[in-house]
Amino acid sequence: MLRLEDLDIRKGSFCLSGTASIGAADSVAVIGPSGAGKSTLLEAIAGFQPLHAGQVLWRGEDLTAHRPGQRPVAMLFQDGNLFPHLTVRQNAGLGIDPNRKLRPKERQTVEEAIARVGLGGLEERKPAELSGGQQSRAALARVLVQRRDILLLDEPFAALGPALKAEMLDLVKEITSENGVTLLMVSHDPDDARRIADQVILIAEGQLYPPAPTHALLDNPPPALRGYLGA
């Protein structure tokens, strides 16, 4: 279980607080108004944003003092951050070793991840030679090779059209289900939450609300969510 215990996150005048528990292998969408702190929450879980107070715990272990690389977390950002001078294979390999000095078993892991995201045969292409959807798949492959227990998605597919975005969300859901990965995904689109998430965490007015079942929450939103949805 991922436990966010009495979190208190502060950045200048910004403040976010709350407590939440997320079961292992659960899929959770994080929604709320722009600027509410959705991305900041993911950064705190990953270790990029320090906490003013509180704890991040995974399976009972306190991760709060751990550096990002020491946490069982992989994160995919809005910009996939592919290196333009590197091939798909080389970009994916960065998820294992920034120096790309891979052992044979690690190289096999890279090949398997590339195939799993549907880029088999495109290993030697560079990002400029890929479509937007293929670039998203390459970035996802780099995350997969890390083989972490928690996957954080900060709207990595926001720039894709509806059909491609749905395709990527379905792929993520398949992969996380296959591997028992806990997923947290920031989204501005309630339809994305319905498509991929079992539960929703609402962030609004400085408050982190505990997870609630997706369809029940979106079909009968509380006041804090109603304004955001325009319901």
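Each residue, glycine too, has its Cβ placed from N, Cα and C.
If you check Swiss-Prot, you get these features:
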BINDING   G32, P33, S34, G35, A36, G37, K38, S39  ATP binding site
DOMAIN    2-230  domain 'ABC transporter'
Out of S34, S39, which of the binding-site residues has the smallest number of neighbouring Cβ atoms within 10 Å?
S34
Taking the Cβ of K38 (ATP binding site) as the reference point, list residues of the same chain whose Cβ is under 8 angstroms away and which are at least six residues distant in sequence.
V30, I31, G32, D154, V186, I203
Could you check the binding-site residues G32, P33, G35, G37 and say which one's CB has the fewest neighbouring CB atoms inside 10 Å?
G35
Which ones in the same chain are close to A36 (ATP binding site), with CB under 8 Å and 6+ residues apart in sequence?
L16, I203, A204, E205
For the domain 'ABC transporter' (2-230), report the average pLDDT of the model, please.
93
Taking 8 Å from the centroid of the Cβ atoms of G32, P33, S34, G35, A36, G37, K38, S39 as the cut-off, which other residues in that chain fall inside it around the ATP site?
T40, I203, A204
